[in-house]
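Heads up, the thing below is written out as structure tokens.
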Amino acid sequence: MGACDIVTEANISSDIDSNATGVTAFSMPGWQLALWATAYLALVLVAVVGNATVIWIILAHRRMRTVTNYFIVNLALADLCMATFNAAFNFVYASHNIWYFGRAFCYFQNLFPITAMFVSIYSMTAIAADRYMAIVHPFQPRLSGPGTKAVIAGIWLVALALAFPQCFYSTITMDQGATKCVVAWPEDSGGKMLLLYHLTVIALIYFLPLVVMFVAYSVIGFKLWRRTVPGHQTHGANLRHLRAKKKFVKTMVLVVVTFAVCWLPYHLYFLLGHFQDDIYCRKFIQQVYLVLFWLAMSSTMYNPIIYCCLNHRFRSGFRLAFRCCPWVTPTEEDKLELTHTPSLSVRVNRCHTKETLFLVGDVAPSEAANGQAGGPQDGGAYDF
């Protein structure tokens, strides 16, 4: 690829053609730059405030500290960091075609975005796996608190390892007086290495986890909506519990679909560049990239909105978090939603070969956090 790398994001750059002397000037009118800056600023603010609030709601209230919610915290943290460190700085780079932030941040910028995206989608995958075990195999041992922390740490370590090659080959170059942050793959096989690496990354951080989640939620949906136990009718607390499960699954499916839709055009854009690399030299491509990059980064701000709209506890949490706003009036019920722990009752269902626990309310936070074995014991997680 030549020097036309303006809209290849810093962390997805190509090899350097040291003999290239021409450079494509990408500029836009001031009013257009102001509109883009406003759009990206709004995105960052909504994502940072929303995800920070989600983290506070879960960590500050003992009732919310379930295994599933710890994965949601991990997802929110990754999205918050993605919006803060990737959206803002890469917008500046893409809109000016000059790297202002130094060599150290160039390394970081080629390491962190892939890391954060991997953490985001595999946190969603972990939630799908946890729900699969709870609903499809309710009597199998569940993740404990230490086990959950180990999974989260493992996700971050694998993500860093996957992103390391780009960081390793990162460098700062000068192109006719303009500073660029690029990834300089080895000259003898740079094009092949770049394509292979991008295909591997896209497969691991997009297609593979989406397939896993599709299968998991399909089986869960079949279990909840199709499967019935002969002679057993769901009513009362059990019916509420079943409805909570269904609502949780719908919420997480919406989160996954939103992520997939936001990121697909962005991945296709870079795959297209491998087979038609002169497209990056065309004037219109800057605007195309800014649209696709905004769409991809916007995935970081939708989850808090989805939680608030579809889950009453998160809605109560948001009202408490923004109670200083004159148009927000939290109630005592909002406080109880996040602090009160309903009682637990037990009875035996003779339709099964094993004794089954049925919840009147939610499981105690300590039990949920410790991931006690048995499906019904994670009842609180279905309601977040």
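Each Cβ is built from the backbone N, Cα and C atoms, and glycine gets one as well.
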Recorded membrane side (Swiss-Prot) equal for GLN32 and PHE322: no
Feature N-linked glycosylation site, as given in Swiss-Prot - residue among ASN11, ASN51: ASN11
Record Swiss-Prot, residue CYS106, disulfide partner from CYS4, CYS167, CYS181: CYS181
Local confidence of the prediction over the topological domain 'Extracellular' (91-107), expressed as mean pLDDT: 89
Proximity of the transmembrane segment (197-218) to the transmembrane segment (70-90), 3+ C-beta pairs under 8 angstroms: no
Contact check, the transmembrane segment (252-272) vs the transmembrane segment (33-56), 3+ Cβ pairs under 8 Å, seq sep 6+: no
Among CYS106, CYS181, CYS324, which are recorded positions, the residue with the most C-beta atoms within 10 angstroms of its C-beta: CYS181
Paired segments the transmembrane segment (33-56) and the transmembrane segment (291-310) in contact, 3+ CB pairs under 8 A: yes
